[in-house]
Amino acid sequence: MVFPVVFRVTQFCLLAQIILAPLLLGGERPWAMGILSVLTGIGILALCAKMPICLPRYLRVIWLMAGLVAGWMIIQSLPIWPVQAAPFNADHIALYPTAWHSTAADILWFIATVTLASLLARKDPHSFIKQVCITTACAAALQVGLAALDQINGWNTTFWFAKTAHIGDWTGSLANRNAFAALMVLGMIASLYCFGGRQQVRLGKVLDQKGGWLALAMIFAFALLQSHSRSGFVIALCSLSVFAVMQMRDNPAWHRILIPIGVFMFGIVFVAWAAPEFTTRFIELARHDLIQRDDAWASAVHAIIARPMTGFGPGSIALVIDHFATTGLNTNAHWFSSHNVWLDGAIVLGLPVMVVLLTMGGYAGFKTWHGLKLRPLKALFCASISIAVLSGSVDWVITLPALILPMGLVWVGCIEAAGGHHHEVSAQTHVAAQSGAPDQASQR
């Protein structure tokens, strides 16, 4: 049949991006975005040619919000505003009137990819989520292999150019240790989701059938330590705690407090024992001459206060932070981000738009969480949300396609699973698959 072939091709075009994006320096470069966009376009055109397309309500809302953001960026760039005060002497709000082109293209790619994922996940969202997790683990494993190869041969390379920063840190082909660490955290959560099953199944049976996923999660944890990323380490502890808490059933409330504390304490002791140089990096947080993020955040807040309603438009963060820099900020560095996605959004779009986006996102997240029935899905959804929130609060790397794409696909699958756009038999099939095949002895 033609349609199954088209479905497989479309599925490949979507899932291949999870592996390709980290290989393409995180997918942020324009040429990398072009490759990813071509794959998304092929997938959407293939599906549109073979099946009627009916977008669910949540996708229509997402497209509406994306259109409003793009429209606001266009309005920022129009010469219809009063002349701004020095040093921004112009009759438009956007400091770079043409910068909205690339930003709008990035938004269009992400929303189109989410749409493609929704069309694929509608029939069986549980199977779709499992495929996304497997592909994410494969992408993380490939990056571990590249980083280990670089370490063994002493190349000090990103596989695209020679390293000029993060010397001695595992970065794979992402060229950034925090991005590499975030991908390792995603790989750990994805592997643990594939490893998990029903509580009625004996642990020995689960280890026998799916122990490889647990081993893979341990490898990702080791690679995370080799990246020497402080933020990645903290994000891993928090997201693993959330994942563990959400997996528990009918346990006393104090267990929900004890387990996260135990995970944190074990992680701290393990790192201090296994990687003393990693502990040294945490000690360096006390050195104000090395740590600049607090000054970058303060500078961003000053910029937001100066223009809270309208923002400064896309591409303006470096110039704005340099202009509103605090006395302790190193202005010789190129601050293309405040290392806080939420502050960056307020600088670019203004506070009202950011408040609307965050409110809509929070409402959608709560509604999805409330609609999920299976605890493994709830755990995966909440863990991915915690990764996005924490990473966005301390860095900008979460906006890389290599990181936002797998999380976005998981969220789409969870929304489809929570919204009932599929038959209930798919959930039962997923639970049976998670529990593993029955023992031969039980069949006799």
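Positions of Cβ are set from backbone N, Cα and C atoms, glycine also.
What TrEMBL annotates here:
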- 216-358: domain 'O-antigen ligase-related' (DOMAIN)
- 5-25: transmembrane segment (TRANSMEM)
- 31-49: transmembrane segment (TRANSMEM)
- 61-80: transmembrane segment (TRANSMEM)
- 100-121: transmembrane segment (TRANSMEM)
- 128-149: transmembrane segment (TRANSMEM)
- 179-195: transmembrane segment (TRANSMEM)
- 257-275: transmembrane segment (TRANSMEM)
- 345-366: transmembrane segment (TRANSMEM)
- 378-398: transmembrane segment (TRANSMEM)
Touch test for the transmembrane segment (31-49) and the transmembrane segment (100-121), at least 3 Cβ pairs under 8 Å: yes
The domain 'O-antigen ligase-related' (216-358): DSSP-derived helix, strand, coil residue counts: 101 helix, 0 strand, 42 coil
Tertiary contacts of the transmembrane segment (61-80) (same chain, 6+ residues out, Cβ under 8 Å): 55, 90-94, 97-100, 103-104, 107-108, 111, 114-115, 310-311, 313-314, 349, 353, 357, 360
Contact call for the transmembrane segment (5-25) and the transmembrane segment (128-149): at least 3 Cβ pairs under 8 Å, seq gap 6+: yes
Distant-in-sequence neighbours of the transmembrane segment (378-398), which means Cβ under 8 A and at least six residues beyond its ends: 26, 129, 133, 176, 178-179, 182, 185-186, 189, 193, 196, 231, 234-235, 238-240, 242-244, 246-247, 293, 336-337, 339-342, 344, 365, 368-369, 372, 404, 407, 410-411, 414
